[in-house]
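Engineer: Shown below is the structure under consideration.
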Amino acid sequence: MYIPFAPSLLSGRVLTTSSKVEFTQDDPRDPFNWSLPKKWLVTIVACAYTAFAASASSAYPVGYPSMQRDLNTTVFQATLGLTTFIIGFAVSPLVLSSFSEEFGRRPMYLVTSAFFCVFFIPAALAQNIATVIICKFIQGSAASTGATMVGGTVADIWRTADRGLPMGVYVMSAILPMGLGPVVAGWIENNPHLQWRWIGTSGVYWLVLFFLMEETRGTVLLIRQAKLLRKELGDHRYRARIEDASWSLPFPQYNERTSLRELIWTSCTRPIWLLFTEPIVLSVSIWFGFVWGTLYGMIESMGLVFGTLYPQFNPGQLGAVFAAMSVGGLVGFITNFGQEKLYRRARLYFACGGGVLIAIGGLIYAWTSLEHRNIPWIAPCIGITLFTVGLYHVYLAIFNYLADAYLIYASSALSGQSFLRNMMAAAFPLFTRQMYRQLTFPWASTLLALIALVMCLCPFVLIMWGPEIRARSRFAKRLAASQTNK
């Protein structure tokens, strides 16, 4: 029996003999069938959340000097605010993603963005560093929605064949603002009437979300329609297919459609299970975790390096050098069109080049950071730009590769990767300044670049032996069997 999700269902039309509520092939309310302008509007509004979250994390360290003065704190204590922000990024998606399954994506965007915007206020009014640290953790937990759910939103409305450009925009929105945030924050810090308390984003974005963001999760839309049918017609047979789904996952204790409590449990445990039992998920997570940690280490080091090498720079000029990251993100986005042409051959080709480029950029940044050599400031900026171009391609390739390899469990695989990546990123700022002072600027960056060079072998290994590695996985075998039996 089949009930199409059609506008006339509640307007007197004779129902078909089905009780299953589903989208018809050309139903305009199916997010896949939305018009192109509507799809791009929702994509851009969602990616703006990613951009605000990224800029908030990178802009925060620019305010260290005035924060130290006003709160009588150390640089290390101020750094804890950045670390807890990133920990919130890492941990909260394991729980919050379950709520999007139950209540939809739009409510999650609205609630978390409200917390993200509002907690700039108590952080700005804080009289001690502990208050700042707590506020930053809450903000990071809320902002994680902008970092993780946006990819799901893109997948909700764009079919696989059309997803390349929107995914490229999403990744660019995660990287490019990491340079723009400090540019703006630098001039705020340079103004003695503003400084660290005014480094933040506007609550106007919440209004943009409220008026322009629509629900994109198809299963939630169908469940809502099924509930409406049951209420209006008094017939409890009408159900969305997902409400009756009972096929087992590779973990027998879980079901796809179950209570919210069990959804949260599944959401928390399945990504960790995949992370530590699937060699592919673990290997790319360790690799990208190191790269992402190096990125935050670079963000933490840039103020120290440029402030020491170019003492004539004021805070605004120091913040402006972060624009090199934005240039790298933009170049990565433009060059990604070449990757799209290689889509049918391999997702990881550009990741191979990106991994090498990360190491090259790191080495340039290292050996142009020499004291008393009068090296032009543009030289280390070139290294930063090349590093960020490589980062862009690695980020996008890993996202697409895990999505292709784990299909219906892609969200769990990506959540596991995101958890480890952000936990490693949270650790790097805690030792970056000490490492740069002990090893000197060139050798500290060289150490990270050489490790990155060794670890960039990961995509080459996966291209050559990835299928064999997946074939030995019990999880992959069950996944392939479940897809074959559908």
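Cβ atoms here come from the backbone N, Cα and C positions, even for glycine.
Pulled these features from TrEMBL for this protein:
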- 40-63: transmembrane segment (TRANSMEM)
- 41-470: domain 'Major facilitator superfamily (MFS) profile' (DOMAIN)
- 75-96: transmembrane segment (TRANSMEM)
- 108-126: transmembrane segment (TRANSMEM)
- 167-188: transmembrane segment (TRANSMEM)
- 194-213: transmembrane segment (TRANSMEM)
- 280-299: transmembrane segment (TRANSMEM)
- 319-336: transmembrane segment (TRANSMEM)
- 348-368: transmembrane segment (TRANSMEM)
- 374-395: transmembrane segment (TRANSMEM)
- 407-431: transmembrane segment (TRANSMEM)
- 443-465: transmembrane segment (TRANSMEM)
Engineer: Below 8 Å between Cβ atoms, which of the listed ranges 108-126, 167-188, 319-336, 407-431, 443-465 makes the most pairs with the transmembrane segment (40-63)?
Structural biologist: 167-188
Engineer: How about the transmembrane segment (280-299) with the transmembrane segment (108-126) - do they touch, taking at least 3 C-beta pairs under 8 Å (6 or more apart in sequence) as contact?
Structural biologist: no
Engineer: Need a quick answer: max count of Cβ pairs under 8 Å to the transmembrane segment (167-188), which of 108-126, 319-336, 374-395, 407-431 is it?
Structural biologist: 319-336
Engineer: Please compute the mean pLDDT of the model over the domain 'Major facilitator superfamily (MFS) profile' (41-470).
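Structural biologist: Mean pLDDT across the domain 'Major facilitator superfamily (MFS) profile' (41-470) comes out at 87.
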Engineer: So if I exclude everything within five residues of the ends of the transmembrane segment (108-126), which remaining residues of that chain have a CB under 8 angstroms from its CBs? That is, six or more out.
Structural biologist: 46, 49, 52-53, 56, 71, 96, 99-100, 132, 135-136, 138-139, 141-146, 149, 197-198, 200-203, 205-206, 209-210, 213
Engineer: So if I exclude everything within five residues of the ends of the transmembrane segment (348-368), which remaining residues of that chain have a CB under 8 angstroms from its CBs? That is, six or more out.
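Structural biologist: For the transmembrane segment (348-368), the sequence-distant neighbours (Cβ-Cβ under 8 Å, at least 6 residues beyond its ends) are 287, 291, 294, 298, 335-336, 338-339, 342, 375, 379-380, 382-394, 396-398, 401, 441-446, 448-450, 452-453, 455-460, 462-463.
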Engineer: Could you check whether the transmembrane segment (319-336) and the transmembrane segment (75-96) come into contact, where contact means at least 3 Cβ pairs under 8 Å with the two residues of each pair 6 or more apart in sequence?
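Structural biologist: Contact between the transmembrane segment (319-336) and the transmembrane segment (75-96): absent.
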Engineer: Which residues, given as numbers and ranges, are at least 6 beyond the ends of the transmembrane segment (374-395) yet have a Cβ under 8 Å from it?
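Structural biologist: The answer is 171-172, 174-175, 179, 288, 291, 295, 298, 302, 305-306, 309-310, 313, 321, 324-325, 327-329, 331-333, 335-336, 339, 350-351, 353-366, 368.
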